[in-house]
Amino acid sequence: MINIAVFASGTGSNFDAIVSKVESGELEANIALLVCDRIGAPVIEKAQKHEIDTVVYRAKSFADKAAYEQAVLDDCRQRGIEFIVLAGYMRLIGPTLLKPYERRIVNIHPSLLPAFPGKDAIGQALEKKVKVTGVTVHYVDDGMDTGPIIAQEPIPIEENDTADDVKDKIQAVEHRLYPQVIQSLFIKEESQ
């Protein structure tokens, strides 16, 4: 079974979906660590409820990004982490983590990349009045939502959809798609 770390910054809805799929056996992984960058983020309590080791690092507590990431990397190595799953983690990953985990860090984004990268993708889509948005799972590189795309699923935006309606549609797809894609990556890796 593959040891994974989930990195999250907020409420943890994708974290919940991943935990649920691990517990049901649909995702064959051991969540060995939650890494969070915000003290008091709701995802921390969720991880503790499931007895998942949790570390909270505030970037401000470190001299620079490399020192921050080195502390995270040390925790990952200590727990034998083989794969990193970003689930609402609001920091860009730098070379200290990217090099040892090349093509072993994935992210999910609430748009059909390359459209609407970065923050508030749903707001950007609504502002542009697009008829279709979606969800993208991609490998993480040194850019913002620029890594190689692994999977995408379109979601229609209806004329009367509010931002909350679109968010609900996107989260429903994310919670199904992300664990499926992660599992397929594990199967692909094991066959190589």
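Cβ coordinates are placed from backbone N, Cα and C, and glycine is handled just like the others.
Automatic prediction, not curation, is the source of TrEMBL annotations.
As given in TrEMBL:
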ACT_SITE  His109  active site, proton donor
BINDING   Gly12, Ser13, Asn14  N(1)-(5-phospho-beta-D-ribosyl)glycinamide binding site
BINDING   Lys65, Met90, Arg91, Leu92, Ile93, Asn107  (6R)-10-formyltetrahydrofolate binding site
DOMAIN    3-182  domain 'Formyl transferase N-terminal'
SITE      Asp145  site 'Raises pKa of active site His'
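Within 8 Å of the centroid of the Cβ atoms of Gly12, Ser13, Asn14, where the record puts N(1)-(5-phospho-beta-D-ribosyl)glycinamide, the same chain has further Cβ atoms from Ala8, Gly10, Thr11, Phe15, Asp16, Ala17, Ile18, Val43, Ala87, Gly88, His175. When Cβ atoms from all protein chains are considered, those within 10 Å of Ile93 ((6R)-10-formyltetrahydrofolate binding site) total 21, not counting its own. When the binding-site residues Ser13, Asn14, Asn107 are compared by the number of other CB atoms within 10 angstroms of each CB, Ser13 has the fewest. Other Cβ atoms within 10 Å of the Cβ of Gly12 (N(1)-(5-phospho-beta-D-ribosyl)glycinamide binding site), summed over all protein chains shown, number 23. Using a 10 Å Cα-Cα cut-off around Asn107 ((6R)-10-formyltetrahydrofolate binding site), the recorded positions Gly12, Ser13, Asp145 reduce to Asp145.
When the C-alpha distances from Ile93 ((6R)-10-formyltetrahydrofolate binding site) to the recorded positions Gly12, Ser13, Asn14, His109, Asp145 are tabulated, the minimum falls on Asp145. For Arg91 ((6R)-10-formyltetrahydrofolate binding site), applying a Cβ distance below 8 Å and a minimum sequence separation of six or more within one chain yields Ser9, Asp37, Ala59.
Of all the Cβ atoms in the protein chains shown, 16 others lie within 10 Å of the Cβ of Lys65 ((6R)-10-formyltetrahydrofolate binding site).
Asn14 (N(1)-(5-phospho-beta-D-ribosyl)glycinamide binding site) sits 11 Å from His109 (active site, proton donor), counting Cα to Cα.
Using a 10 Å Cβ-Cβ cutoff, Leu92 ((6R)-10-formyltetrahydrofolate binding site) registers 13 neighbours. Neighbours of Met90 ((6R)-10-formyltetrahydrofolate binding site), defined as other CB atoms within 10 A of its CB across all chains, total 13. Fewest Cβ neighbours within 10 Å among the recorded positions His109, Asp145: that distinction goes to Asp145. Counting in whole angstrom, Ser13 (N(1)-(5-phospho-beta-D-ribosyl)glycinamide binding site) lies 13 from His109 (active site, proton donor) by their C-alpha atoms.
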